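Novice: Following this message is one structure expressed as structure tokens.
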Amino acid sequence: MTSSPQSLHRVNYAAPRSFGTLLKANLKETLFPDDPFHEIKNEPISRRFLKGAQYFVPIFEWLPKYNFKLFKYDLLAGITIASLAIPQGISYAKLANIPPIIGLYSSFVPPLIYAVFGSSKHLAVGTVAACSLLIAAIIEGKVNASDNMPLYLSLVFTATLFSGLVQTALGLLRLGILVDFLSHSTITGFMGGTAIIICLQQLKGMLGLKHFTTHTDVVSVLRAIFHNRKEIMYTRKNASLQKNKKPKLFWVSAIAPMVTVIVGCLFAYFAHAEKHGIQIVGHLSKGINPSSIHLLNFDPKYISAPIKAGVIAAMISLAEGIAIGRSFAIIRNEQIDGNKEMIAIGLMNIFGSFTSCYLTTGPFSKTAVNFNAGCKTAMSNVVMSICMMLTLLFLAPLFSYTPLVSLSAIIMSAMLGLIDYDKAYHLFKTDKFDFCICMAAFFGVSFISMDIGLMLSVGLALIRALLYIARPATCKLGLISETGLYRDVEQYPDANGIAGFLILKLGSPIYFANCNYVRERILRWIRDERSHTISKGNEIEFLLLELGGITSIDITGVETLLEIRRCVQAKGIKMILVNPRLGVLEKLMVTESIDTITKESVFLTIEDAIDACRFSLKCSDHIKTENLAIV
């Protein structure tokens, strides 16, 4: 028994929304998908001001609730990560080819800024190896550190400033979506390739080489190694400690770098190592961060290098810092705001560039130690900062005897943990395209350069995204009689087609980039279906397009729908639209295309469309019968 059209569900043809309403809705969905102010919409103005301050400056939210019980945990965690920050700061400054004291400065001011503006309880602020090497590689293309250290250092501070400005702007404009272009596959490959390069670079310190290459690719580094023959003692630490298989023993991996530095310093001091050809860090002066505002360099002759280094390092450090912060927050069933993190990381790099610091973010090793040490709030960063201040004021000269071989051992130990073999193998087994994206970053960084490798990987990821857009999925639907649901016949072989009907589901926005494909794919479905059904004595009379998966459509897409309608009409087939989304229906109404398609050809459900089509067929057959009777 069929239903009359009056009994069917009605499609809502309300007047299209105005341009202003659409623009506001789209901007809100794009920039504020989390609706951050929903809790204070109906609050008094004073309450709104307080909540707004707590939202933009998170320390106002957690500090009033802070107590001594929490501080006990943060104190232990802060002291622990400070013991890791000292050797890492000196080591990574060495990677960036800047004075070691700059690495210690970078663990004093930035953690204080992050504690005020950061939203993560567990992120520990510090320098990172990948960005240290990246900044050095790009800036040394303009200025050699050994030839002109003051100019080189000024460009490093300028690159840090540009990184901070980019990161803060992305956070304020809520454009975190740009960081998402650095996929997990890209980051995995980039970190792995960077780790290989850094490990090879450290052979300079491990073998005591005097002359070495500044290029950041495997071929150049290996060439430099084979052109040198001097060897000294080789020290190696077990990288498996970084994986923290036993969280209660976190302190083992946490204090290992500091123990290495202390033992190395004692050996170098009592053995007068520098007199025997063993290179040491050299003089480290006391005192906290001097101002570096006057050192920022915007000379047009050099500015391209810090801009390039700053922008690339900004994106990489954001992707790493936010991903690490989210990973540890998930463990505690908590959430962090990515846009707040961008602002916090950006501000600490801006202030850092003014106070003799270079680029910082949230490194994995330090954050893991902070988490396992039991930190409760960002106060652990404040404790670390105070420890670094005391070190700078009283203890810095003691680390001047640190052998470079010790720093190389610390760096290599940390870098070996960044080569994620399991992740790469998982990508190979589950998604070959993601594996190719990962390998493009890995081999590009390893054999060409860090920025080229990154661009190759991101380029492949964008090509993949464009393929998804240009070749949207379509499928034929059939009825599963036991459930009354219409599903993909390829996924559900028991789903049966309806005689006289071809039901297709379109699962992507229709834009100019995929219109030709959508049209040709639909016409191919019709061709294949007709060749199949004609042999059974059936003929396609209705083409049903299920549009529930189409979130938007542009003018070219609308014209494509009209063109498809004309093509199928020429074949004696009527086109029916099912479940169009609000944006699609509004576009059809605004362009007056709905008058061509006719409102009688638009239905809320597939069942309604089939019932109405069958009803119209019966009415048509009845009229034909009556006309024949009259004749």
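Backbone N, Cα and C atoms are what each Cβ position is placed from, and that goes for glycine too.
Just so you know, TrEMBL annotations never went through curation; they're auto-generated.
Note that the structure is predicted; figures quoted are calculated from it, not measured.
From TrEMBL, for reference:
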type: DOMAIN; residues: 491-613; note: domain 'STAS'
type: TRANSMEM; residues: 98-117; note: transmembrane segment
type: TRANSMEM; residues: 123-139; note: transmembrane segment
type: TRANSMEM; residues: 151-175; note: transmembrane segment
type: TRANSMEM; residues: 181-200; note: transmembrane segment
type: TRANSMEM; residues: 249-271; note: transmembrane segment
type: TRANSMEM; residues: 309-331; note: transmembrane segment
type: TRANSMEM; residues: 343-361; note: transmembrane segment
type: TRANSMEM; residues: 381-399; note: transmembrane segment
type: TRANSMEM; residues: 404-421; note: transmembrane segment
type: TRANSMEM; residues: 441-467; note: transmembrane segment
Novice: Residue list, the transmembrane segment (181-200) vs rest of chain: Cβ under 8 Å, 6 or more residues beyond ends.
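Specialist: Tertiary neighbours of the transmembrane segment (181-200) are 95, 129-130, 133-134, 216-218, 221-222, 225, 315-316, 319-320, 323, 411-412, 415-416, 418-420, 423-424, 427, 434-435, 437-446, 450, 453-454, 457-458, 461-462.
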Novice: I'd like to know the mean pLDDT over the domain 'STAS' (491-613).
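Specialist: PLDDT averaged over the stretch: 88.
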Novice: Taking a Cβ cut-off under 8 Å, which residues six or more beyond the ends of the transmembrane segment (123-139) line up next to it in the same chain?
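Specialist: Contacts with the transmembrane segment (123-139): 81, 85, 88-89, 92-93, 95-97, 103, 106-107, 110-111, 114, 145, 152, 155-156, 159, 190-191, 194-195, 197-198, 201, 214-216, 305-306, 308-309, 312-313, 316-317, 320-321, 324-325, 328, 341, 348, 358-363, 366-367, 369-370, 375, 378, 380-381, 384, 411, 414-415, 418, 449-451.
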Novice: Take a look at 151-175, 309-331, 381-399, 441-467 and tell me which one has the most Cβ pairs under 8 Å to the transmembrane segment (98-117).
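Specialist: Out of the listed stretches, 381-399 contacts the transmembrane segment (98-117) most.
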Novice: Restricting to the same chain and to residues at least six past its boundaries, which positions have a Cβ under 8 Å from a Cβ of the transmembrane segment (441-467)?
Specialist: 130, 133-134, 137-138, 181-183, 185-190, 192-194, 196-197, 215-219, 308, 312, 316, 424, 433, 513
Novice: By a Cβ-Cβ criterion of under 8 Å, what residues six or more beyond either terminus of the transmembrane segment (343-361) are in contact with it?
Specialist: 93, 96, 98, 102-103, 105-111, 113-114, 116-119, 125-128, 131-132, 135, 156-161, 163-172, 289-293, 296, 313-314, 317-318, 320-321
Novice: Count up the helix, strand and coil residues in the domain 'STAS' (491-613) according to DSSP, in that order.
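Specialist: Residue counts for the domain 'STAS' (491-613) by secondary structure: 61 helix, 21 strand, 41 coil.
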Novice: Take the transmembrane segment (309-331) and find every residue of the same chain, 6 or more past its ends, with a Cβ under 8 Å from one of its Cβ atoms.
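Specialist: For the transmembrane segment (309-331), the nonlocal Cβ contacts are 119-123, 128, 130-131, 134-135, 138-139, 158-167, 170, 176, 178-179, 182, 184, 187, 190, 338, 341-342, 345-346, 349, 359-364, 367-368, 371, 451, 454.
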